[in-house]
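A.B. asks: So Swiss-Prot has the following annotated:
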| type | residues | note |
| --- | --- | --- |
| TRANSMEM | 9-29 | transmembrane segment |
| TRANSMEM | 146-166 | transmembrane segment |
| TRANSMEM | 170-190 | transmembrane segment |
| MOTIF | 238-243 | motif 'HXXXXD motif' |
| TRANSMEM | 358-378 | transmembrane segment |
Amino acid sequence: MEGAWDVAFVLLHVWMSIVAGLIVLPAMFGVSLGFTDIYIKLLVKTLEWATLRIQRGQKEQPTLPLQLANGIIEKDDGSMEEEIVELRRSHPKNLAEGNFTLCDAFYFCKKGIENIVEDQVTQRFSSEELASWNLLTRTNNNFRYISVRLTIIWGLGVFVRYCVLLPLRITLAVIGLSWLVIGTTLVGFLPNSKVKNWLSDLVHITCYRICARGLSATIRYHNKENRPKKGGICVANHTSPIDIVILANDGCYAMVGQVHGGLMGVIQRSMVRSCPHVWFERSEMKDRHAVAKRLKDHISDKTKLPILIFPEGTCINNTSVMMFKKGSFEFGGTIYPVAIKYDPRFGDAFWNSAKYNMVSYILRMMTSWAIVCNVWYLPPMTQQDGEDAVHFANRVKSAIAHQGGLVDLSWDGGLKRSKVKESFKEEQQKMYSSMIVGLDSHEATVGPA
């Protein structure tokens, strides 16, 4: 029995030495030994081969259902006025004359049926479906047996992900999070000074780099000259808590976010000991006022870290950008927009908080192939003369969506948890009524107020 324990101890010692020497230490100094790059290149070749084999199998087996991309129906992208004009072609009339035709009803019937089948909102809160299988059963709805070789490759992938990568990633996650909790707690006892701020930044960025290695993260940063400066506000589209790890690998931030429980709550409480992060309860009005005051004080001090905010207020599945809350744009500071786009071939980064708790989500990430993403730093933006916070937020959101290749939606991500506001319905009613009574349709506005 003692011999077995000795062998186990030796194996553990060898394992930790390899992890520390080849991964943890290089990560702490921001150095890559190239293992992840080689792994990603090999993975790309494997997935390309699997895609070709699946396509050939679909030709050989006509009954095999084709993989569906995100979206199951094709919709017109035109405005209400454009689509109704198209319907009225058989009865050409001038909209400005205030005429009504019965065929107008077909437009609303069509839109209603489209939204019953597939609306623009709820599909943003579920995982993105892939056009081609990435050898993960969780991302393939229509998989059937195609060939022995493909099945063997899938089996080898399961072994690699669960028997090799998962233990390695759990080890790195434990090291990284332990470093964060212990390090921030110790730094928190120091008096406020430049040394404390430097140590806090060191603890945070080291933790994020180790955790990124634990996800086999490959991150490409573009336009680094536009990185957020101290005293500014960094806003980004939000897909998952991993967004923080991705951005903080390239610089430190003071963060603003919703209070969480469980593992996430432990991490939040430890982080705030050494750095002025702002955690709040969304349902508490007094918390909102306190957050607003702290944000104003923060951005007025040009020596403090840039604030990282996700104005959508919830996680979206990285296919679109939803409405930005105006609160982040009411302080008159410089906004540094950042677009984050994940490559879904290697793993689904979206956190469906209604379906998975934090631990379950992390395990899903650790059993994925890798996290591959692009980060674009956009030029800083400021509020223009005569521009209110709502229009400023929409302008920033559009810039992020355009750069990241995401769909720009005006809908509120809060619909994930609440019902549609009456104002949404009223805006559509106002637009149509302005058409049939002959008013200038541009007087009506579309989207949430």
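Glycine is treated like the rest: Cβ placed from N, Cα and C.
In terms of burial and nearby residues, how do these features look in this structure?
C.D. replies: Using a Cβ-Cβ cut-off under 8 Å and counting only residues 6 or more beyond its ends in the same chain, the transmembrane segment (9-29) has close neighbours at 35, 168, 171-172, 175, 206, 209-210, 212-213.
Counting same-chain residues at least six beyond the ends of the transmembrane segment (170-190), those with a Cβ under 8 angstroms from any Cβ of the stretch are 15-16, 19, 23-24, 196, 199-200, 203-204, 206-208, 210-211, 213-214, 266-267, 270-271, 273-275, 362, 366.
Applying DSSP to the motif 'HXXXXD motif' (238-243) sorts its residues as follows: 2 helix, 0 strand, 4 coil.
Below 8 angstroms of C-beta separation, residues 36, 39-40, 43, 134-136, 138, 157, 161-162, 165-166, 169-170, 173, 212, 214-228, 240-242, 246-247, 250, 260, 262-264, 336-343, 345-349, 351-352, 399-400, 403-404 of the same chain, each at least six residues beyond the ends of the transmembrane segment (358-378), sit close to that stretch.
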A.B. asks: For the motif 'HXXXXD motif' (238-243), what are the same-chain contacts with Cβ under 8 Å, counting residues 6+ beyond its ends?
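C.D. replies: Those are 215, 264, 310, 312-318, 340, 342, 349-351, 358, 361, 365, 371, in sequence order.
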A.B. asks: Please give the average pLDDT for the motif 'HXXXXD motif' (238-243) in this predicted model.
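C.D. replies: Looking only at the motif 'HXXXXD motif' (238-243), pLDDT averages out to 92.
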